[in-house]
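A.B. asks: One structure is given below, represented as structure tokens, and several questions about it will come after.
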Amino acid sequence: MSNNTTISVKLTEPLVAAYYPLALVIIGTLLNLLTLIILCRSTFRDTKKQPIIHYMRAIAIFDIFMLYGWNLDHYLSIKHGFILLTYSIATCKIFGFLNYFAGQSSAWLRVFISFDRYLSASRLRRPWCSREKGVLIIISCIIILVTLFNLHFFIFACFYRSNGTVNPNAQLYKIYPLWDYINLGVYNCVPFILMVIFNSGVIYHLIKRRQTRIIQQSHIQHRAISITLVITTFLFLIMTIPATIVAAFFFTTPTTSLAKILDSALYTYHITSFPLYLITFKEFRRECIKMVTCKNNNRRIVPAQVAIATTRIPNQL
């Protein structure tokens, strides 16, 4: 019986390791596209009054890109015997760049959502960086800076070995594991620290003002906001940082079962926006139900006259 169980586990593990990443690609793409579609509906179309929606849309797009790098390679390597990173020089450069660009962009967009909510909770007037033009400038700067930061993949990375196979490193220097060490800081540690700081600041200001007239008039759901902030930061901690640490310092060939589990958890994080918004974001949930039930919706969210009330949408995230 013990031998049969061991054999069954050995046969099942490769199937799970192969098809779970494929399931993430399919389900994650659909959920993030659905998130993007809902955020483009009439309720969220007035981005001048709720500019944080731009961040949420951008995150949905980059979370889709995130699933088509190493995650897809896990499936391809097991089921088809090749990976996009070493399939050709072109795919090597593109997906080598995408593996870091998508995750880092997504992480820093989340940082600036936290920063935006902190400004909304701590100030009565919305500063320029929390207005639509400022948000679009910040998103553009994030994309440009992260692109430049990883541009060396297109310039130096990938070359043919003497036997005709593709080496994803550069001839002038070794990209791996150097860039994994750097990615640990840029994608995980620094964003996590900043999210903790900003989210703690949001919770502090909401607790400080929860009994004041400002909070009562803006209809801010103090408990819901605090729970959402804690969940987002906690999920980022437990689902992304362990996998990046293993990739940077404990990577082995072949990949261990623990590394595969942690890697799956990392990519699973990038499909959690839809269920998290659905659970904690009342307007998103209402719009989703209306879309599923094919009900027309001409209602738009109109902010209250109190300045902080104009941040009702981001504060419910």
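Cβ from N, Cα, C; glycine included.
Got these off TrEMBL a minute ago, pasting:
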type     : residues : note
DOMAIN   : 31-278   : domain 'G-protein coupled receptors family 1 profile'
TRANSMEM : 20-40    : transmembrane segment
TRANSMEM : 52-70    : transmembrane segment
TRANSMEM : 82-102   : transmembrane segment
TRANSMEM : 135-162  : transmembrane segment
TRANSMEM : 182-207  : transmembrane segment
TRANSMEM : 227-252  : transmembrane segment
TRANSMEM : 264-281  : transmembrane segment
A.B. asks: On average, what pLDDT score does this prediction assign to the domain 'G-protein coupled receptors family 1 profile' (31-278)?
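C.D. replies: When the pLDDT values over the domain 'G-protein coupled receptors family 1 profile' (31-278) are averaged, the result is 87.
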A.B. asks: Which sequence-distant residues neighbour the transmembrane segment (20-40)? Criterion: at least 6 residues beyond either end, Cβ under 8 Å.
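C.D. replies: Here the qualifying positions are 53, 56-57, 60-61, 63-64, 67-68, 71-72, 74-75, 264, 267-268, 270-271, 273-275, 277, 284, 287-288, 291.
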A.B. asks: With the transmembrane segment (52-70) as the reference, which stretch in 135-162, 182-207, 264-281 has the largest tally of C-beta pairs below 8 Å?
C.D. replies: 264-281
A.B. asks: Please identify the stretch among 82-102, 135-162, 182-207, 227-252 with the greatest number of Cβ pairs below 8 Å relative to the transmembrane segment (264-281).
C.D. replies: 227-252
A.B. asks: Can you say which of 82-102, 182-207, 227-252 has the most Cβ pairs under 8 Å with the transmembrane segment (135-162)?
C.D. replies: 82-102
